[in-house]
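What Swiss-Prot says about this protein:
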| type | residues | note |
| --- | --- | --- |
| BINDING | TYR37, LYS38, PHE39, TRP40, LEU172, CYS173, VAL174, SER180, LYS181, ARG182, LEU183, ALA184 | tetradecanoyl-CoA binding site |
| REGION | 48-69 | region 'Disordered' |
| ACT_SITE | LEU451 | active site, proton acceptor |
Amino acid sequence: MSEEDKKDPPKSIEDLMKLLSMGESLTEPQQKQMKDYKFWKTQPVPSFDEKIDSEGPIDQTKTPDDIPDTPLPLLNEFEWSTVDLEKTDQLDEVYKLLYENYVEDQDATFRFKYSHEFFNWALKPPGWRTEWHAGVRVKETGKLVAFIAAIPITLKLNKSQKVIPSVEINFLCVHKKLRSKRLAPVMIKEITRRVNKYDIWQALYTGGVVLPSPVATCRYTHRPINWSKLYDVGFSHLPANQTKSGMLANYALPNTTKTQGLRSMKIEDLDQVYDLLHKFQEKFDIVQVFEKDELAHWLLGGKSTDTSSNVIKSYVVENSEGSLTDFFSYYLLPFTVLDNPSHDELGIAYLYYYASDTAFKNDDESAYKQRLSSLMSDALVTSKKYNVDVFNCLSSQDNPYFIKNCKFGSGDGFLNYYLFNYKTWPITGGIDPQTKELVEDKSSGVGVILL
């Protein structure tokens, strides 16, 4: 890419979607052979052409005593640092590092608008450990120049009924000026060492770049809420033979929701939501198993009501008998818009977990699809009061059932799911494996949502 190209701002929501996953998806000819991945060749992950004939760990069985107590060596000018997110100044350091370096394009017209509340939600769920927030500092100045995080997560593969204590790896970020120092592979090895010391040997992670070897691939889709604003900042274009007024009319949403009994989730709803989600997740091949305190954290942000959180929004549907029949949730992570005379922020919502008891009524699948479409239409409506401009979801879960009806458009960004030190059979991500097009009206096998 030329320097001139680098300065061009993204011109479509699809470009935005690519950056959300820290890299662009690659076409088949661009996928390198295993021998070219010097680092991943040394790691317990399947190669691209490996035939999966059994399910289970790849590496030989170890114990924490087999793992060194000392961190991996770094280049002499750097030192390891355990980042204490309980301290505001260190939280600010992580914010600054990610804000300035998490998006590749130095001249990008937007930045992730993280907040302390978002980091506390994303990085401090029940069971979190300070030592799993690893940083690298410059010895001479103490400046934080790299960061990687792991949080505890319990995975379940429903076909085999195997439950896997794991971690989710996220927020791997190296300062742009130090990308040639090969810090990222060392950081992955170091976070692996720290996690292994707690007798955890598997991890789940995602990325837009194709590495050896995805267990599932999902496609980004997006639904404009404020089309006019997206057009103003250059993320939406005016299609041929369309007018601005026509586009506004196409994406217009009502001001009120339609589902009877819909309301914000409260902590008192936790038991019913837990049972509903637990049963609903039996539909998918790979899911996260939640304890109730974990679910309270992820759906309520550790608050007593949904309205207390500025990050996660959760809604339930209560019937006339006081039973909860449905719920949905989404989280908010806006972008700061730079160098735009009219707008300084882009509101973005990301679909999170949901469930409906209509899914359990096998005699009428069409009713379930209609119910999902109605629920997600209401999710779009509720997002307007949080100044959301575009609502994103993947082709995971049962999202293909409503994506078209709710006017989500397929982006050209993809998100690949990877299991570290575990092999399992490929899982459908709601898209055709060859064409990568969305498979409408067909469930995916991916029931776990990563930030």
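A Cβ is built for glycine as well, from the same backbone N, Cα and C atoms used for every other residue.
Checked against LEU451 (active site, proton acceptor), the binding-site residues LEU172, VAL174, LYS181 differ in C-alpha distance, with LEU172 being the nearest. Each of the recorded positions LEU172, VAL174, LEU183, LEU451 was scored by the other Cβ atoms within 10 Å of its Cβ; the lowest score goes to LEU451.
Per DSSP, the region 'Disordered' (48-69) is made up of 3 helix, 1 strand, 18 coil. The C-beta environment of LYS181 (tetradecanoyl-CoA binding site), restricted to residues of the same chain at least 6 apart in sequence and closer than 8 Å, consists of LEU75, PHE78, VAL174.
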